[in-house]
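Over in Swiss-Prot, the protein carries these features:
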| type | residues | note |
| --- | --- | --- |
| BINDING | ARG87, ARG97, ARG124, ASP214 | substrate binding site |
| SITE | TYR131 | site 'Important for catalysis' |
| SITE | LYS181 | site 'Important for catalysis' |
| BINDING | ASP214, ASP238, ASP242 | Mg(2+) binding site |
| BINDING | GLY274, SER275, ALA276, PRO277, ASP278, ILE279, ALA280, GLY281, GLN282, GLY283, ILE284, ALA285, ASP286 | NAD(+) binding site |
Amino acid sequence: MKLAIVAGDGIGPEVVAQAVKVLDVVQPGVEKTNYDLGARRFHATGEILPDSVIAELREHDAILLGAIGDPSVPSGVLERGLLLRLRFELDHHINLRPGRLYPGVKSPLALEPGNPEIDFVVVREGTEGPYTGNGGAIRVGTANEVATEVSVNTAFGVRRVVRDAFERAMRRRKHLTLVHKNNVLTFAGSLWWRTVQEIGEEYPDVELAYQHVDAATIHMVTDPGRFDVIVTDNLFGDIITDLAAAVCGGIGLAASGNIDATRTNPSMFEPVHGSAPDIAGQGIADPTAAIMSVSLLLAHLGLDDAASRVDRAVEGYLATRGNERLATAAVGERIAAAL
């Protein structure tokens, strides 16, 4: 395996170091290349993501990312110039966000004993919607300012994400929920609903449901156990996945995959928490989400046994840690030792 590592900013290098520690135990011999991308490079050279680096990244099997963002860089510069550009250049059309409440982890929800287990996955479209940069503004700063952000939804883009979601549902509990707002967003909503129904005919064993996005947020709080696989567009997915993380114990336990399902380009795996510059360098950041991202990476590459071993080690750690607060390195060492 050839792995590109982008540790990034803030706590990124700290949590990635522990993720790599676990990877080395479960999958020895990985060929790793570190890439200096983020605020430090931006300040030193003015570069964000050179074309030459993108070309090099394409030669790898996967990318492991830490975190991007620093208060010394204007908001949006690194996010659009690095994160979003990687997603578009490498065609990461699927953003995969598992949501599971692990034994030993407390949810902010007042869950009743006997409630269904919280274990779902969100398949979010990653390269379309309102994040394509299709918009503009005129008369900026005046009382007559007009601003637009156009949501782009293509049949090709929707179909490939929906099909991936059905495939995942077949490997899970065979239930898929489309989340959208087709009573108001009638054009895009119609495309999504018709596509789900059409492709759903190829998967008769998968039970299909639909929820407006506002209803989905309610049910994710009141009855999250009803969900198995959720498929949704870029914007709605961006919102409900963070709610899902909170329901499952916090964003510090949320892993993600930015995936090119065609495998033409390397997919990228990362914890979804930010760079947390306020605690960077203190050795107190929780690397669990970064380690869980390694599990997603291994599973994507077909190394299912190694991925399962990481999952079990993380589950065992979370089940026994209680209220103990461990240093970053100690968490990595404990999970690695469990392997």
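Each Cβ is built from the backbone N, Cα and C atoms, and glycine gets one as well.
Because the structure is a prediction, the values reported are computed rather than measured.
When the binding-site residues ARG97, ASP214, ASP242 are compared by Cα distance to ASP278 (NAD(+) binding site), the shortest distance belongs to ASP242. Close to ILE284 (NAD(+) binding site) in the fold, though at least 6 residues off in sequence, lie ARG325, ALA327, THR328, each with a CB less than 8 Å from its CB. Here nothing among the binding-site residues ARG87, ASP238, ASP242, GLY274, GLN282 falls inside 10 Å of the CA of LYS181 (site 'Important for catalysis').
DSSP assigns ARG124 (substrate binding site) to a strand in the three-state reduction. Long-range Cβ proximity for TYR131 (site 'Important for catalysis'), meaning a same-chain Cβ under 8 A and a gap of 6 or more residues, is found for LEU84, ASN234, LEU235. Using CA atoms as reference points, the binding-site residues ARG124, ASP214, ALA276, GLN282 were checked against ASP242 (Mg(2+) binding site), and the closest is ARG124.
For the pair ARG124 (substrate binding site) and ALA280 (NAD(+) binding site), the Cα-Cα distance reads 30 Å. Of all residue pairs in ARG87, ARG97, ARG124, ASP214, the annotated binders of substrate, the farthest apart have Cα atoms separated by 27 Å. Sequence-distant neighbours of ALA276 (NAD(+) binding site) (same chain, six or more apart, CB under 8 Å from its CB) are GLY10, ILE11, ALA67, ALA285, listed in sequence order. Other than ASP214, ASP238, ASP242, the residues of this chain whose Cβ falls within 8 Å of the Cβ centroid of the Mg(2+) site are, in sequence order, VAL213, THR217, LEU235, PHE236, GLY237, ILE239, ILE240, THR241, LEU243. Straight-line distance linking the Cα atoms of GLY274 (NAD(+) binding site) and ASP214 (substrate binding site), rounded to a whole number, equals 25 Å. ARG97 (substrate binding site) falls within a strand segment according to DSSP. The Cβ neighbour count for ARG87 (substrate binding site), using a 10 Å radius and every protein chain shown, is 19.
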